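Features reported for this protein in Swiss-Prot:
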- 5-174: domain 'Era-type G' (DOMAIN)
- 13-20: region 'G1' (REGION)
- 13-20, 60-64, 122-125: GTP binding site (BINDING)
- 39-43: region 'G2' (REGION)
- 60-63: region 'G3' (REGION)
- 122-125: region 'G4' (REGION)
- 202-279: domain 'KH type-2' (DOMAIN)
């Protein structure tokens, strides 16, 4: 215990910049869902990795953007609130895109909070015409900051980043067991897995403004688990899309979700999906509490 070190790290950035992919890469498990949809991550996802005497606690956060509706505003508030519990803040930047006004706003707010982030220039495994300009801007405007060119997808330079992070850890007791990878409840993880499969299998047919709740989790005598989940949408037409012809689409989504759950949890799962229409669910705080935002 006396040799234990601990550090908490917050990962922030624009939507689809690679935050969730980075978290999954570092902990070695697909914990945070990743889809082509923007604003996939809605709440703070905690990932944990213990390397020798050092425990690293990572916070994957919702992407920061210009919010409009109630859900989007809650997500952005959630992202900024995560900074207060972190020892180190990493701002991940998509090197395939130029700096935009939102990125500059993020930098301005960090400066106003007296936070000096570590800059992660992500997606360097793909040639970018913007990378040199991004580096020049950071060197010219943030000369005291460190930046790491990385690829969260391929793992390039991730070991070097981890060496830096662990080197900043302070002597403190671990907060979690050595083999823990998250503190999220299994019910929440199961709901996230189903939400990911909804986005992957419906793609542009369905807006991201749906939510999934695990209503029942029953441990059975044969060591398997029965899970009942409800998919909540705002329109009856979305329910029709999710169900598919004669229920074919929801069966496909359920099958893929079940397989992902069994791989992640390590035990057999009996998954039952239901769809409910709740027109104004975004205006009800109970849903935000369940989503942890």
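Quick reminder: no glycine exception, Cβ is built from N, Cα and C everywhere.
Swiss-Prot feature annotations superimposed on the structure.
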residue	record	Cβ within 10 Å
13	GTP binding site	24
16	GTP binding site	20
19	GTP binding site	32
61	GTP binding site	27
64	GTP binding site	21
124	GTP binding site	19
What are the helix, strand and coil residue counts for the region 'G1' (13-20) according to DSSP?
2 helix, 1 strand, 5 coil
Beyond the flanks of the region 'G3' (60-63) by 6 or more, those residues with Cβ under 8 Å of it:
10-17, 19-20, 22-23, 32, 38-39, 41-47, 75-76, 78-79, 82, 293
Using DSSP, what's the helix, strand and coil tally for the region 'G2' (39-43)?
0 helix, 0 strand, 5 coil
Quick check on the region 'G3' (60-63): DSSP residue counts for helix, strand, coil, in that order please.
0 helix, 1 strand, 3 coil
Go ahead and report the DSSP secondary structure tallies for the domain 'KH type-2' (202-279): helix first, then strand, then coil.
33 helix, 27 strand, 18 coil
